[in-house]
Every structure is written in structure tokens, then in C-alpha cells.
Amino acid sequence: MSLLSVHFIYRYWAVFDTNKLNYFQGIRSLNWFGYCTFFGFQYALGTYFFLARDEIADEYFREDVLLRYNANITELPAMSIVAYDPVDGSIRWFNLMGVINISAIVNFQYAIMIYCGWTMHTKMEDKIKHFSETLRKHHKQFFKTLVIQITTPTIILFIPITIIMILPIMNLDISLPTGVFLCSFTLYPATDSMTVMYVVSEYKNTAKRIHKVFGNGIKEIQVSRISSTINPASTAPFS
């Protein structure tokens, strides 16, 4: 997510402030590695400390996990969000802090992407009108790619995660098909790559050429096999 916001920043500066692209060159590019690493550690540490299971969470999930998965919750690696104490109904603040931590990270990245994306959407056409036709085409294609790249994970990744995180806070007794959600998470890497290849014409044409070469190679192999089957090699003894 942090890396995606860096992509938006780069595209924004490439159109509106090319001098700042120096931050993506040489030793300065390590700043962006540090940027992504910082939020990665914030997410990991927040999850580790605030969403770690305890005795109350284990007892709360024990029966349901045993019934649905025939497993003992204490033997599984997992995090938990139990927003309210099942006994007295008091707020479990450390679990809520875990939700707030994740929400803060995601909302900060979305704020950057929405600002850069909306500015490019409203002002890019006027800014790039003096560029060459090829450069204008590239900027438009990459902007479209960024929009699709943030729309796709929002639908198949972040919305399901948000639902999973918000439901415990609402204290609703709902059982979700988590298997479906987990399967949708795995779709993101593939859809992200396919988006870039579909929108950017150079990548699309390269993919088509590779597919054509690969297809022709398979056809040649099939033809050679059929030919060898129809006309098997024969040998005759020398007199």
C-alpha cells in the first residue's frame, strides 16, 4: 500500500514538479525504501502488540474454531480482535488501538493517493498539452494504470479487511465465510500485473508478441509430432 502511494507521488511530480524527481535518483531513492519500511514496521509491531491473543480471546474463539475447523485455537498462529470483554462488556482498548493503528496507516496512504490522483485528474490535461504526443500518451496511460491499481485492491483486498476489522467493534454476532475473503486476497498480485500489461500499450504489445511466439512454437511442435506419426521413419536392409 505504501509503495502504491509512492507510485502516485512519482507520477504527480513527473507532471507537476519534475525537479523533485531527483528524490527518486541515486542515494535519495533510499528515502522511499525507508518510507515503506517505516509503515511496514508500524503495521507489524501494532499487530504484534495490540492484536496478540490472550486468554480472553482464546476462550472467546475456542468453541467456534473447534466447531468449524476442528482445531484448538491455542495451537494456531493467529491474531484476534475482541473489542469488548465477553464477561463485563468493558472496552478492550489495546485491541481497539490495533484497529486504529491499521486504519491510520491505510487512511494516510489513501489520502496521498486521493490528493495526487484528483489533482492529476483535474489539472493534468492542461499541464501536459505542451508535451509531445508520445509523452502525453504515456502520462495518460500510467495515470489510468494507477487508478485501476488502487481500485482493484480496494475492492478485493481492503474492503474485505475493513469488514473483518469493523464487525467486532459493532459487536454483531455474524459468522463470515473467511475462506472466500482469504481467496480474494490472493487475487491481488495477479490482477495488479495484468492491469499494467493491459493498460500500457508497450507492455500489452510485448505480451501479445510473447503469446504469439509461444503459440507458434506450440503449433510447430504439434505439427512435427503429427508428421512423425503419419510418416514414421522406415529402414530397409542393404543388399
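Glycine is no exception: its Cβ is also placed from the backbone N, Cα and C atoms.
Through the fold, the transmembrane segment (30-51) approaches residues 1-3, 6, 23-24, 79-81, 94-95, 97-98, 101-102, 105, 108-109 of its own chain, all at least 6 residues removed from its boundaries and within a Cβ separation under 8 Å. The transmembrane segment annotation in TrEMBL covers 30-51 (among others).
The transmembrane segment feature in TrEMBL is assigned to 93-118 (among others). A Cβ distance under 8 Å defines the sequence-distant neighbours of the transmembrane segment (93-118), meaning residues of its chain 6+ beyond its ends; these are 1-2, 4-5, 8-9, 11-12, 39, 42-43, 46-47, 49-51, 79-83, 143, 146-147, 150, 158, 165, 168-169.
Positions annotated as transmembrane segment by TrEMBL: 146-167 (among others).
Annotation source TrEMBL lists transmembrane segment at 179-200 (among others).
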